[in-house]
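As structure tokens, the structure follows; a few thoughts come after it.
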Amino acid sequence: MHPFFKSFQYAIKGILHGVRSERNLKFHVFAAAVVLSASYLTGLSANEWMIIIILIGGMIALELVNTAVEKVVDLITEDFHPLAGLAKDLAAGAVLVFAVCSAIIGMIIFIPKWFI
Ligand SMILES: Nc1ncnc2c1ncn2[C@@H]1O[C@H](COP(=O)(O)OP(=O)(O)OP(=O)(O)O)[C@@H](O)[C@H]1O
């Protein structure tokens, strides 16, 4: 198989493994389905759809990276180490920052359509 398609296959394997085994990723996929359904039912402009897709893709991609950081840290040490904890907390912090920004942007898009 061409190396490009092999890399693609590995990436799909990583995504499927993450979604099947990681609770947080399962939640993000569920949340994405809810947001996409709400977007469809509400009726969004092309620009709004693009923003929603960037936010959903970014959120899931960031959660995949967070999971990768957790796995690498666990591979390096299962003992308690302040740096191990810090690495996990920093990665989790990145997810939280993006999630809060996404929630605010979601409210900016949806609240005027639903309540105003
Ligand atoms: N080896 C370690 N040394 C020090 N602190 C750690 C270590 N492993 C985890 N921690 C701390 O415990 C927290 C939870 O880590 P853990 O690996 O259990 O993630 P988790 O709760 O399973 O996360 P998730 O719910 O995202 O899967 C980390 O954010 C970190 O603060």
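Keep in mind that glycine also has a Cβ here, set from the backbone N, Cα and C atoms.
Note that the structure is predicted; figures quoted are calculated from it, not measured.
Annotated features, as they stand in TrEMBL:
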| type | residues | note |
| --- | --- | --- |
| ACT_SITE | Glu63 | active site, proton acceptor |
| BINDING | Tyr10, Glu22, Glu70, Lys88, Asp89 | ATP binding site |
| BINDING | Glu22, Glu70 | divalent metal cation binding site |
| BINDING | Glu63 | substrate binding site |
| TRANSMEM | 25-43 | transmembrane segment |
| TRANSMEM | 49-69 | transmembrane segment |
| TRANSMEM | 90-111 | transmembrane segment |
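Locations of recorded TrEMBL features on the structure.
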residue: Tyr10; record: ATP binding site; CB count, 10 Å: 10
residue: Glu22; record: ATP binding site; CB count, 10 Å: 18
residue: Glu63; record: active site, proton acceptor; CB count, 10 Å: 24
residue: Glu70; record: ATP binding site; CB count, 10 Å: 17
residue: Lys88; record: ATP binding site; CB count, 10 Å: 16
residue: Asp89; record: ATP binding site; CB count, 10 Å: 11
Distance [Cα-Cα, Å, rounded] between Tyr10 (ATP binding site) and Glu63 (active site, proton acceptor): 17
In sequence order, those recorded positions of Tyr10, Glu63, Glu70, Lys88, Asp89 whose CB lies under 6 Å from ligand 1: Glu70, Lys88, Asp89
Residues from the same chain, set at least six apart from the ends of the transmembrane segment (25-43), whose C-beta lies under 8 A from its own: 18-19, 49, 52, 56, 59-60, 63-64, 67, 106, 110, 113-114
Recorded ATP site residues Tyr10, Glu22, Glu70, Lys88, Asp89, farthest C-alpha pair in Å: 27
C-alpha spacing of Glu70 (ATP binding site) relative to Glu63 (active site, proton acceptor), in angstrom: 10
Collapsed DSSP category at Glu22 (ATP binding site): coil
Secondary structure of Asp89 (ATP binding site) (DSSP, helix/strand/coil): helix
